[in-house]
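Student: The structure follows.
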């Protein structure tokens, strides 16, 4: 609390409580009950009677925030029963008794033991009583009184927030409310101006002002622009005592932001933009970006781009990038340098959310000129059509021209073009094409029935730049000609009952034709000219591409004729007329009365061959026995043990011993065909190799095709040069094994062979075991020791 404000407060208290305050400070007070008459005693002992304002004795007043060194005097309690002899004792109870307030039990003087704060508690209720020390009885009934704490201006105003945040739209008029700030003062508002707060602005002029009583902050300047300044800091002061000098004050800070309104149109930073584009770019390609600047923010800065006019409005398009607010120039139609090299566009940028309040400022859009230069590139040939359809009769001769494709070079240089057929689409090489003019011709005969359609691809390539090529599909439809005769649609197993009657239908036949005439099939049936009048059966044309076979006589006999062959002439109505003869086999069968077949001519056929059932069984048994004998003979021959040629591994008599065994090398099993040296179409087949040595694997080189009339010597020299120039070949000093001839000999060298100096050291008896051919040699070296002596 601030102590320098006590003197004015004392003066104010003196004005309202003149007499009471003087008497309280000069003489002791006596506390009387409501039945007594309160009074004051002076030094001369005379009683001053008071009949008015007796209630003042029921309350005391005390200033807060006392800073003196002694205890603060509150007042004095006194009763008429007190004779001054010390027999009475004053007792104080209630709020703060004994701690905040103490009483002299002999004199009744009350003092404040501590400094008091009205803001903490402004009113204390206490009770006082006087008792006789000797008897302990109350000489006066207990009575209640009040101590009120008088306020002093010891609290400055405080705002509800230390920092306020507010916003106001830019371009607002003067007096637009922004925010209201509020400050409170803890002092007593009922006494004086200690709690009367007045607001003023310390920082923020001349942009803002504050209402001194309500604390409402308002705009003070018109048309403040966010683009010029967006943030403002305003300091507001609240001062008590009605703003008079000596009042306490507090401050707060208000951060005010100007919010954006759409008061600025978009503007291009430059009036002309230049872009380049190759003529071969695909549709939808982004050529470049343009951007108009808008100082507004948020949705107020959103804009949309459009092509207003220009000679390329149908060739290009502009797309708005919502994230970057840029206009993207894209290709809408295919470009052609030869047709037009430069396009000029006018592109508009306009706000999508204009504010009607600011439309008077002008149109919220801007226009820029975009120039697009088309760059010439070497383009591939272009066919005059996207695809070709060729129709050709299937009987066209080989080498005949059936159609033509045409391509041109769109470049200004107009390079020459050659045509070819993609053989991946014509594996059988049925068609060819003249490379100069694109005429397509046949290389083989055509057959609609095997392949009615052929889909090939023709390539057009620039002669000067083979990398530039185009492809076009060519659909070749083979048209049908009447080159197939009609024939039976299926194999018919026809029978006739022995008890059949004349005119009975025994079979209906239909035919098929591999041809496909445009007007549909129409077939006719007739007997063959050699048998125009058949005594057994009649052919009836049903006029619906079918024919019925009718019996012509009464009854048939299996014994006389078990099978009839009926030739039928079938022909169509297309040009040229094709015909064929189909023979229908009709068996004679035994049937019941309803015409159901019971048995047919199988037995009759067997009997007609002159073989009975027993004979057939005998033949089958003989064949079976013969097969068994052959199998047994083969099994015995495989089980026969061969006689060993050499009984002992050391016996080499009468045997051929091969010493030049070259096994272990490449496991080639086929000899080299020298005939391929003179075959220009020869190719080396890649074989799997399992080389033993060397272990280094080199890249396989393809054989260069040989032309005719090159002899073997030239070929070998040519291959030798290729091998010498091959970078993948091993160096000259590397070890190359061409023929692996087995392991080394047991003998290290010829020096290991030595002659025996004594015949006694050699035993030649084994020569006699070598057979008759070595008998003479055995006799010469295998004699007894006595003979040798």
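Just so it is clear, glycine is given a Cβ too, placed from its N, Cα and C backbone atoms.
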Student: Swiss-Prot lists transmembrane segment for one of the ranges 574-594, 595-615, 616-636, 637-657; which is that range?
Tutor: 616-636
Student: To the nearest whole angstrom, state the Cα distance for the pair residue 255 (N-linked glycosylation site) and residue 455 (N-linked glycosylation site).
Tutor: 79
Student: Quick check: in three-state DSSP terms, what is residue 536 (N-linked glycosylation site)?
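Tutor: The three-state answer is coil.
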Student: If one measures from the C-alpha of residue 536 (N-linked glycosylation site) to the C-alpha of residue 455 (N-linked glycosylation site), what distance in angstrom results, rounded to a whole number?
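Tutor: A Cα-Cα distance of 54 Å.
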Student: Report, as a single number, how many Cβ atoms besides its own are within 10 Å of the Cβ of residue 536 (N-linked glycosylation site).
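Tutor: Residue 536 (N-linked glycosylation site) is surrounded by 13 other Cβ atoms within 10 Å.
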Student: Give me the non-local Cβ neighbours of residue 455 (N-linked glycosylation site): same chain, 6+ apart in sequence, Cβ-Cβ under 8 Å, ordered along the sequence.
Tutor: 425, 473, 474, 475, 476
